[in-house]
């Protein structure tokens, strides 16, 4: 080839390279950014294929998101739970503070159950909405509406009586029906498999922690010169403040977080639900005929009945049978649930240790810890039924054992829906949570049916035997039929022909 020909070819190559570079730089900046992100994701995936393990940062954006969402759940639970103690102050005619109104109401347990009248039915549709449109605004909106109603209750109670309180509680229940299904979506998108037991236990432990704080605060506030209305104003204010924080710092998924590192985003997405593609078609037929799902529903229902019977009735039992005053009642109830919170934390760490180090398969771990969480309270309830006013120390001890051991469910039974169908976590959480909380509604009403004299420990035996039997049957069903492996229909569409819209 001549020198002139070589020069011509070289010039053409230079011109081609310049043209290629010019075309690249003239692309839409968003396209370039997306291409760079895809290249980075491919590079990280290639590195992970040869690296021993990529566990992401020890403390990253995912942890901040989980803590923030859990605090929103916590304050919502405080607004839900303090009524168990506050209502006792509202109907206490012996209250020495004459500046605080009290009422001659006889429908205390109807007030306690009314929250669930609005809470139950909407949960399937709220789970679907959170899955389709992202959970952030549903969680924040639920908190804001609940807090607004919280501010109204004291005034409406004075002017319109117990009926107004019942209606307000029902509306708060409807508002909070968006909460748990939306948080199920949050956890399925933000929590890697290796951290699921601890994160699930943290979410579930919000209930005992909210009980600890709400009861320890509600008792002294109700006994103060400002009286029981201060409970509603205090928790309502905290909810408004944290909702405002959540507007700016909470995100629905890793892909929508503007500051998360690519390394952490990759780590999360590889073991959770990818929300960037088209929406999946919900396999309603498979969901409604799934045996593991129905066994989970039954066991979760027994857990909910046990939980809400204890949450709503421990203050009444301590006050009526054991004769604790309102402040002592609040502190003692808080102490009992503090024990549950501590036990739940220890069990979640132990569960993750056993599964991450291959001492137990995940399914075996979930069954063992659920057996502890439901089986031990079932036995403790039988011993509690034998206690009287003169054996108050033993009664509190058995309450500690029952409530504490139930904490083992928080790293097993409670998170099971996230494991068997992570792609439909919000829908399943709504389906299971809505159905099971029918029995949370019934818990206070069952006390009205079986306990005619709340001061008589013999009357309470019927309740303790009932929830003992329900808890034991829930443990048996979960051990016999449950699984922690993703069910076939969780990603059936992807296996057939890709995700369908």
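Just so you know, the numbers here start at 1 and follow the chain as drawn.
Using the three backbone atoms N, Cα and C, a Cβ is placed for every residue, glycine included.
Automatic prediction, not curation, is the source of TrEMBL annotations.
Per TrEMBL, the listed range annotated as transmembrane segment is 463-481 (candidates: 463-481, 482-500). As annotated in TrEMBL, transmembrane segment covers the listed stretch 164-187 rather than the other ranges in 20-43, 164-187.
Cβ atoms under 8 Å from those of the transmembrane segment (137-158) belong to residues 69, 72, 75-76, 79, 90, 101, 103, 126, 129-130, 164-165, 168, 171-172, 175-179, 182-183, 186, 228-229, 232-233, 235-237, 239-240, 242-243, 246-247, 250 of the same chain, restricted to positions at least 6 beyond its ends. With a cut-off of 8 Å on Cβ pairs spaced 6 or more residues apart, the transmembrane segment (430-451) and the transmembrane segment (199-218) reach fewer than 3 such pairs and are scored as not touching. For the transmembrane segment (199-218), the partner stretch with the highest count of Cβ pairs under 8 angstroms, out of 111-130, 164-187, 330-355, 397-418, 463-481, is 330-355. Sequence-distant contacts of the transmembrane segment (230-251) (same chain, six or more residues past either end, CB-CB distance under 8 Å): 64-65, 68-69, 71-72, 75-76, 78-79, 82, 86, 136, 139-140, 143-144, 146-148, 150-151, 153-154, 214, 217-218, 221-222, 224, 257. Within the chain, the transmembrane segment (367-385) has long-range Cβ neighbours (under 8 A, six or more residues past its boundaries) at 299, 302-303, 306, 347, 351, 360, 394-395, 398-399, 401-403, 405-413, 460-461, 464-465, 467-469, 471-472, 474-475, 478-479, 482. Away from its own ends, the transmembrane segment (330-355) comes close to residues 85, 194-195, 197-198, 200-202, 204-205, 208-209, 211-213, 215-220, 222, 314-315, 318, 324, 361-362, 365, 369, 372, 396, 399-400, 403-408, 410-412 of its chain (Cβ-Cβ under 8 Å, at least six residues beyond either end). Averaged across the domain 'Major facilitator superfamily (MFS) profile' (62-486), pLDDT in this predicted model comes to 87.
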